[in-house]
């Protein structure tokens with residue numbers, strides 16, 4: 001691993017997609033630079049800020065002030081906080097508001113918020129006037145290291161998570177690390193699961209660094225910015241090689257097949273944050289891999305131990321209300337996984353593991369062993 005980067009200067013990570021490439025700018029004070037960066041990127045553009053009620057209280061005034069200082073016209077669209085907005089109704093609200101604001105194809109949409117806002121605003125941008133450019137200003141750790149990068153946008157369906165959407169790359173990502181200071185501990189932990197994912201799937205050295213430096217990452221400063229930049233570089237590299245997820249990019253879904261099914265089973269509610277579902281999903285994927293003889297059992301245990309040490313759930317029994325409200329049975333979870341975006345010709349595709357730092361795409365997994373595995377895991381005390 002390289003030494004942590006100097007937090008006093010912004011870190012720039014390039015997403016190399018030719019004429020559709022863009023920069024991820026990481027560092028404190030990014031929101032204050034929003035107006036200046038947009039002026040340089042798109043002189044004369046008007047903007048529409050899409051945000052949620054919670055983010056609006058903390059960060060909308062700073063974003064608006066930055067735009068005002070550079071004379072950029074702006075309107076604001078505020079949606080409800082949480083997955084409830086990542087819906088057909090939420091999409092209609094944002095699309096109609098963009099049309100009413102007369103945002104044109106030479107203007108910019110600004111997604112100021114976490115993963116829900118970024119996915120929603122990005123998808124609306126992809127379809128209004130057959131395509132508006134947008135800027136991601138992610139305000140959660142999860143969004144900064146994952147959902148704001150790579151162009152996946154969309155909403156949920158009653159049938160499952162992220163089933164309606166489009167690939168639509170942003171033109172700029174501004175990851176202001178100062179906003180992370182206002183996250184609740186639970187929100188920060190949920191985002192940290194996605195950071196761990198990058199080490200687990202492709203960088204054993206980064207995983208070991210996370211084990212040694214987790215406390216420093218929580219405290220902030222150079223270690224936190226290094227973790228974010230390393231995660232963004234990992235994702236940017238994969239996206240540049242496989243933008244449309246025809247191969248390698250599927251590895252970034254480690255933990256997501258199980259995790260998305262658990263999110264759907266809990267009604268996309270606050271019982272289980274997305275990152276928490278990914279944490280449980282990664283452990284399930286690792287343990288299933290170990291049972292198949294693909295991965296040393298001690299590596300699966302090591303992954304589980306680090307996530308537990310970070311305060312994340314690692315078992316389905318850790319989901320809020322599991323004992324009182326229960327959870328879907330194995331057959332119901334299998335039905336939810338059958339709606340996964342990675343299903344091809346009706347066959348499940350899993351991201352499994354051979355070791356810490358080495359994930360693989362498995363297209364040959366029969367449903368019966370997965371169902372039996374889930375049944376046993378659900379029955380654990």
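Yeah, the Cβs are placed from backbone N, Cα and C, and that goes for glycine too.
Fair warning: this is a prediction, and the values are worked out from it, not measured in the lab.
Swiss-Prot lists 256, 274 as Zn(2+)-binding residues, and of the candidates 194, 354, 366 the one it assigns to that same site is 194. Apart from 194, 256, 274, the Zn(2+) site neighbourhood in this chain, defined by C-beta within 8 angstroms of the site C-beta centre, holds 142, 146, 193, 197, 255, 259, 275, 277, 278, 281. By the criterion of other Cβ atoms within 10 Å of the residue's own Cβ, the least surrounded of the binding-site residues 81, 83, 119, 194 is 81. Between the CA atoms of residue 119 (NAD(+) binding site) and residue 256 (Zn(2+) binding site) there is a gap of 16 Å. All protein chains included, residue 140 (NAD(+) binding site) registers 28 other Cβ atoms within 10 Å of its own Cβ. There are 25 other CB atoms within 10 A of the CB of residue 256 (Zn(2+) binding site), with all protein chains counted. Counted within 10 Å of its Cβ, the other Cβ atoms near residue 115 (NAD(+) binding site) come to 25, all protein chains included.
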